[in-house]
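First comes the structure, then the notes that go with it.
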Amino acid sequence: MSNVYRVALAGNPNTGKSTLFNALTGLKQHTGNWAGKTVDMAEGTMQHKGETYKLIDLPGTYSLFSNSKDEEVARNYIVFEKPDITLVVLDATSLERNMNLALQVLEMTTNVIVCVNLIDEAAKRGISINEQQLTRRLGVPVVKISARNKTGFPLLFDTMDRLVKGIIQCQPALISYHTVIEEKISKIEPLVRPLIDDDLSARWVALRLLDGDESLLDEIKGRMAQKEEQTRGLKYPV
Amino acid sequence: MDLSIQFDKVLNEARDISSAEIRDEIVQSLHEKSKELCARTVTFSKTKEDVRTEKLDAVLTSPIFGFPIMLIMLGAVFYLTIAGANVPSSMLGEFFSWIEGYLTIFFQWMGAPEWLYGILVLGLFRGTTWVISVMLPPMAIFFPVFALLENFGYLPRVAFNMDRIFKQVGAHGKQSLTMAMGFGCNAAAMMSTRIIESPRERMLAILTNNFVPCNGRWGTLIILSSLFMAAGFTGGWASLVTTAVIVGIVLFGIIVTFFVSFVLSKTALKGVPTHYTLELPPYRKPKVWDTVIRASLTRSISVLMRAVKIAAPAAMLTWILANVFIGDTSILMYFVNFLDPFGKMLGMDGYILAAFLIGLPANEIVLPVLLMGYLSTGSLTEVDNLMDLKQIFLDHGWTWLTALNMMLFSLLHFPCGTTLVNIYKETKSKKWTFMSFIIPTVIAIAVTFILAQAAWLFGWV
């Protein structure tokens, strides 16, 4: 029996995310070198070990604070559409800058694979990355690849396979904030928890409420109203 | 609904205990964590490349050299396009007119009626092959070269340089990226304006994107400037002068962009530009062969297909309009005669304005439609090289002013149909869609009118 798993690709602009998407799906599309080139989400499928993976190429963003339409689209997909895997693509040549996005994704969802791309470029510049150490510290699998040359793909496929089959369990390492913020979180989080679905991270929602992200609140409320309407619609069919 | 109230309660609670700096503190923690993680897992053994990036950036984004380098790059891309496209263009043109000869013989042998020959060969075949022979070579050169600059990492530096000016006129620095996209296609650029967060600045980017010529208009600009602008020069000099004219036209479009942005940001779209951080990606050695293949195949071919799809019916329609007579005047001529006085005032003629109006669906077809109009009324010269083309224009009273004003009108006039549809989709506002139609049109009319009047007044023509 074959399942269809949804895999969302997130990453900063210029990390080779679209190159990876093309390489995996074989769907040819133009890859750009500036922010927001991929605003409409491109989709494609790939097969591995009899399973079908539907890949969704999210807009390239530097953060997921919903400052822009792109960031909101990417964030909403990860949080509300709940893909089976979120593949965070990082640029090995500027890992520190890219890591922010990975950390943000880890706060939002559990099933994450961190893809360190452009590993050939990094090697040329004498940058080496200890992915085992990184895996331990992040609590999710880290795979080194080069999307251009298709190196590291077998391991990536294998990791995806084991993740969707539950052989690997992700335990994302959460950031601990300054004590002042942590105290505030612990005040808000219990209030949020009863209001939201189990698969939405209460800690993350609490954080967003604290930093005043009202667009997220509207999104949650809108989705709940929709759900309510649907259940009501079932009870009293027109 | 009940839930919504509870949510608002929690939000108020959160607001009470939150502070203005909390977002900064959160971001700060993220950065610290990233730093700590990378310090433990990443090791560097050499830094030659980073030094190179810094050195390159010091030159390419320098306040002194940044702009001249940009101009030179722009000029070089156009020069390559113009100088390189001439020969293959003529070869394609000759090839198609050779085929047309056989088609003519075939139609005569079949005893096909005159009108069928007119629609299919003089309309459809000539119109579409003309688009191919004139547009394919420049695109096949322009797109790969542009894509190479993009892959190398130069385009983000352009944005960095331009940022300073955009801030000055009250717009967003990212607008230069959406403009770069507009050089490819204004309709696609409308989507790319989503990277601009502030609605005000995004609207500025949408309203002014039209002032960068899309590839549908490159054909018009390149052909007209090479036919009329470099008349007194030969060989390499001719291409150089043509290049200078095109660079001038593009710069003029950018100046208009700044001007319109400035005026709007002081009037209808008041506000202070927002801050943002522009990340400059490292320079990369482009995969030359891959880029060239992908850019020429996917981009050129898809643009060309669009042109042919719209040019074919438009060419047929134009031929029909030109050959259906009411009394002793064709429908096209009624239209042309109606527009002619106004066209003359702008230093052009009724045919040109008619071509722009019929070309609303896509800018690619404006020149072919114009040519069809001229051919159906004037002498039926075979167009198998660019000089024949110039002769057709000269027969209809063209001067350098006609050519220049048509180029300016092409640069500044209303956006194409697809772009307008996308503007409506993005803004969901009939008012702003209308504004994005009317502002450029008024500017195009004003600029060509003033230029034409001045040229006559001072006796330049």
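Cβ from N, Cα, C; glycine included.
Whatever TrEMBL says is automated annotation, not expert-curated.
As the structure is a computational prediction, the values presented were derived from the model and not from experiment.
Taken from TrEMBL, the feature transmembrane segment covers B:64-85 (among others).
Annotation comment: TrEMBL describes B:130-155 (among others) as transmembrane segment.
Residues annotated as domain 'Nucleoside transporter/FeoB GTPase Gate' in TrEMBL: B:134-223 (among others). Using DSSP to sort the residues of the domain 'Nucleoside transporter/FeoB GTPase Gate' (B:134-223) gives these counts of helix, strand and coil: 76 helix, 0 strand, 14 coil.
The transmembrane segment annotation in TrEMBL covers B:216-233 (among others).
As annotated by TrEMBL, transmembrane segment applies to B:240-264 (among others). Sequence-distant neighbours of the transmembrane segment (B:240-264) (same chain, 6+ residues past either end, Cβ-Cβ under 8 Å): 71, 74-75, 78-79, 82, 165-166, 169-171, 175, 179, 204, 207-208, 211-213, 221-222, 225-226, 229-230, 233, 407-408, 411-412, 439, 443.
Summarising the annotation, TrEMBL assigns domain 'Ferrous iron transport protein B C-terminal' to B:246-295.
For B:305-429 (among others), the entry in TrEMBL reads domain 'Nucleoside transporter/FeoB GTPase Gate'.
Taken from TrEMBL, the feature transmembrane segment covers B:314-339 (among others).
As annotated by TrEMBL, transmembrane segment applies to B:351-377 (among others).
The transmembrane segment feature in TrEMBL is assigned to B:397-424 (among others).
Counting same-chain residues at least six beyond the ends of the transmembrane segment (B:436-458), those with a Cβ under 8 angstroms from any Cβ of the stretch are 206-207, 210-211, 256, 260, 345-348, 401, 404-405, 408-409, 411-415, 420, 423. Taken from TrEMBL, the feature transmembrane segment covers B:436-458 (among others).
In terms of DSSP helix, strand and coil, the domain 'Nucleoside transporter/FeoB GTPase Gate' (B:305-429) has 92 helix, 4 strand, 29 coil. For the domain 'Ferrous iron transport protein B C-terminal' (B:246-295), residue counts in helix, strand and coil come to 29 helix, 0 strand, 21 coil, using DSSP.
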